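Reading through the structure tokens given below for one structure.
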């Protein structure tokens, strides 16, 4: 399954107690350049093409909660990706990395890199890691246990000539990266007893990219690297959990509005409406057992075997895909059911091979609710905005098109940001389950981690200074807040950034 699902996801800071509140807001704002001109709506074929490239990007007891800032947006007319900021090395250096639930490894561009972009259309500074400039950096040898574990999962390779643990990732879009593994400090903020402690750190292994090719070399949406949130031992989630720094779980809540950003924590968001379904065991990705699809409460006539997990079939949660994709055998029944449900209030049209509709009323008043039904009785409820995209207008009519695309000739169902936005998602890796609930991701959340004391402690980190509010310029490029730290320093009367 390596090479199926792309990069894309958010992360969050280390708190040394059982529960915390995290607010998705940022003290600084940056403008994201539009990937497509505002004056021209993007064809779904272009979005599918971009997603197909990004699909190739997917490679095959705790003390606290780690909170990292989130920026970016699912909006395909702006960027169509989410990313975060990490600090590595001594002295610490900042790197912007794409959040990716489809791979395991954190890697960043390193000095003397061949093909690495030097500027970004996201208006963020790009940096290069230099092992010689960090007093705490060390190379990882082939005899290192972390390297041995990486070799077993194809996340690492070794050369008998220099005993250096290395990697070479070739992606399905023809791009690739190669380099070597480094051990150095990852910095984060911790909360203990209601106080924020800055510059906590833990040693981690991460990739130092010396070569990049293909789409990775382009500067339009360039970042410093990729932060893999997979399950294998080389992932930062697994490394921090093994050190007792953070729980073996992470959660995100991606904002679907123009401000973008969201919440990403290593820990479990607590929300009473979360429903859980088991992960399909022994899979490299986050595979779930989708059993059926309902439209307007009616279960569609789709053979359940269509969703069975196998080498080239199954349902994957992927925060790095802009749209969402249905297995070919499920797509036609789904589109037919939606079309029938709106036959009295919408005019079906086909645009560039995509099923679209002309409507004069609110999309929520016209289109039905859709339910994706998973094992264990967990249903994911989709609003019309979670499976449709507005393309343009024709006179007084708005044109909305099916955003769940058909994966031609494939049995994969990929749930990307179109579906995942405006929901809490909890990846309980220790319990091998994923949960979700519809949620306003611009508000605070409760986050829990297991404490040595066994107690639950709640911290309100949801009150931010007004100066930290994101500022939106919807027609000049969206201003995205860049730092979503836990702001408990307000208790001391000062801003945490």
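Glycine residues also receive a Cβ, built from the backbone N, Cα and C atoms like all the rest.
Taken together, the residues in the domain 'Peptidase A1' (82-437) have a mean pLDDT of 91 on the 0 to 100 scale. According to TrEMBL, the feature domain 'Peptidase A1' maps to 82-437.
What TrEMBL lists as active site is 100 (among others). Using a 10 Å radius centred on the Cβ of residue 100 (active site) and all shown protein chains, the other Cβ atoms total 30.
For residue 318 (active site), the count of additional Cβ atoms within 10 Å of its Cβ stands at 29 [all protein chains shown]. According to TrEMBL, the active site annotation covers 318 (among others).
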**Asked** In whole Å, how far is residue 100 (active site) from residue 318 (active site) when you measure between their Cα atoms?
**Response** 8
